[in-house]
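Structure first, then comments.
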Amino acid sequence: MARLLRTLRSSQPVARFQRCCGLFPTDEEGGSGDPAEGPRERDVCNGAGALRRPAAAGRGFPRGVRSGPQGCVQKYVVKNYFYFYLFKFSAALGEEIFYITFLPFTYWNIDHSVSRRMIIIWSIVMYIGQVSKDILKWPRPLSPPVVKLEMKTDAEYGMPSTHAMAATAISFSFLIATVNQYKYPFELGLVAAFVFSTLVCLSRLYTGMHTVLDVIGGALISAVLLVLLYPAWDMIDHLLLTSPFCPLLCIVVPLVLCYNYPKLDYYSPTRGDTTTILGAGAGATVGFWLNNQYAAPAYTSRNFQLGFPLITSKIVVVMLARFFVGIFVVLLTRQLMKTVVLGMLGYRYKFPIGDLEARRRLEVEVPYKFITYSSVGFSATVIVPLLHKLLGLI
């Protein structure tokens with residue numbers, strides 16, 4: 001068993017998977033093919049794992065510690081573009097662009113209870129995953145032999161894969177929350193959830209961001225958390241909607257967790273990402289509570305109760321209108337709050353807006369991220385539904 005775990009934790013299985021899918025470093029292929037520029041010298045593409053090597057090895061700090069966006073650049077050859085685009089797209093399903101579109105879409109167009117459950121599960125799972133990374137401090141796969149297609153998260157540690165955790169949590173919580181409300185075959189939903197989570201997991205191997213053990217560990221942790229939380233779903237949902245202490249706790253608890261995030265010897269984006277997730281979840285939860293207290297349910301699922309085949313072209317147009325109006329407001333809120341909050345913090349702590357190092361300080365990063373994304377969550381659950389009602393979309 002120990003030997004198996006060492007193998008799953010090593011970089012070689014990841015490299016073999018990449019080669020099987022037609023992704024090669026140029027030196028293995030003699031520079032043939034159509035090389036694509038990825039992120040400078042191959043011997044420094046090792047992110048947070050480099051910190052675990054002796055300083056004498058000459059590896060220096062991981063990308064992002066000294067110069068942020070300047071990573072290493074690695075040339076590679078793509079021999080199978082189907083897998084290349086499939087896994088690049090699948091990797092995006094674990095990024096902010098997916099969360100900020102799919103979760104609000106569910107709230108605006110499908111069912112409030114489904115969206116609430118997914119957001120709560122997503123927040124809990126992601127917090128546990130992000131903290132686990134900085135406690136375990138397992139390095140990401142080494143390059144070489146692995147080809148790394150992403151560098152923005154390379155300064156983080158690897159275990160567990162939060163992409164795998166989020167994909168498993170969101171897909172299977174969606175399945176569990178909808179299977180008894182909508183008339184569709186359970187087997188079809190199970191296959192869809194499995195395919196979705198599997199594609200995201202495999203994309204982390206293809207992009208060279210995680211070992212096999214990172215991915216398996218992330219998926220298993222999410223599965224265990226889903227099993228443990230499922231019996232309490234209804235109770236948690238009821239408390240979040242009815243407790244008079246909900247708004248206060250939903251703001252204070254995430255802030256305490258963010259300010260007491262595990263400290264590292266160097267800057268890692270995990271604290272900022274965690275603050276973003278908890279902030280969005282907090283803002284959305286306050287919105288859920290406010291809607292339940294003072295507003296009638298804005299959206300109902302009666303149009304979907306009889307099954308998806310009854311969805312008409314008119315319903316599709318209304319759903320798309322809700323989505324595009326909503327996402328415009330959400331993105332506008334995010335940009336506006338980023339500008340305002342960063343300007344206020346810059347004035348308070350006397351640093352220029354463009355000072356990246358200042359923005360990484362605890363007293364700046366946490367309020368900046370938390371206020372911005374809690375405003376986004378609140379806007380998506382309160383402001384957007386009011387605008388939908390004003391425009392006659394509900």
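Any Cβ shown, glycine's included, is placed from N, Cα and C.
No curator has checked TrEMBL annotations; they are predicted automatically.
Remember, it's a predicted structure, so these values are computed and weren't measured experimentally.
Taken from TrEMBL as is:
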- 115-230: domain 'Phosphatidic acid phosphatase type 2/haloperoxidase' (DOMAIN)
- 85-107: transmembrane segment (TRANSMEM)
- 119-136: transmembrane segment (TRANSMEM)
- 157-176: transmembrane segment (TRANSMEM)
- 188-206: transmembrane segment (TRANSMEM)
- 213-233: transmembrane segment (TRANSMEM)
- 239-262: transmembrane segment (TRANSMEM)
- 274-291: transmembrane segment (TRANSMEM)
- 311-332: transmembrane segment (TRANSMEM)
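Distant neighbours of the transmembrane segment (85-107): 21, 114-115, 118-119, 122, 149-150, 162-164, 166-167, 170, 174, 196, 199-200, 202-204, 206-207, 209, 276, 280, 284, 299, 323, 326-327, 330-331, 334, 376, 380-381, 384; these residues of the same chain sit at least 6 beyond its ends, with a Cβ under 8 Å from one of its Cβ atoms. For the domain 'Phosphatidic acid phosphatase type 2/haloperoxidase' (115-230), the DSSP counts in helix, strand and coil order read 79 helix, 0 strand, 37 coil. When Cβ distances are compared across the two stretches, the transmembrane segment (119-136) makes contact with the transmembrane segment (274-291), since 3 or more pairs at least 6 residues apart fall below 8 angstroms. In this chain, the transmembrane segment (239-262) lies apart from the transmembrane segment (213-233): fewer than three C-beta pairs between them fall below 8 angstroms, excluding pairs fewer than 6 positions apart. Panel annotation: around the transmembrane segment (274-291), residues 96, 99, 107, 112, 116, 119-120, 122-123, 126-127, 130-131, 240-241, 243, 246-247, 250-251, 254, 257-258, 261, 297-298, 365-366, 369-382, 385 of the same chain, lying at least six beyond its termini, place a Cβ under 8 Å from a Cβ of the stretch.
Distant neighbours of the transmembrane segment (213-233): 5, 8-9, 117, 121, 124-125, 128-129, 132, 138, 140, 158-169, 172-173, 176, 197, 201-202, 204-205; these residues of the same chain sit at least 6 beyond its ends, with a Cβ under 8 Å from one of its Cβ atoms. With a cut-off of 8 Å between Cβ atoms, the residues of this chain six or more beyond the transmembrane segment (311-332) that come close are 100-101, 104-105, 108-109, 303-304, 376, 379-380, 383-384, 387-388, 391, 393-394.
In the predicted model, residues of the domain 'Phosphatidic acid phosphatase type 2/haloperoxidase' (115-230) average a pLDDT of 87.
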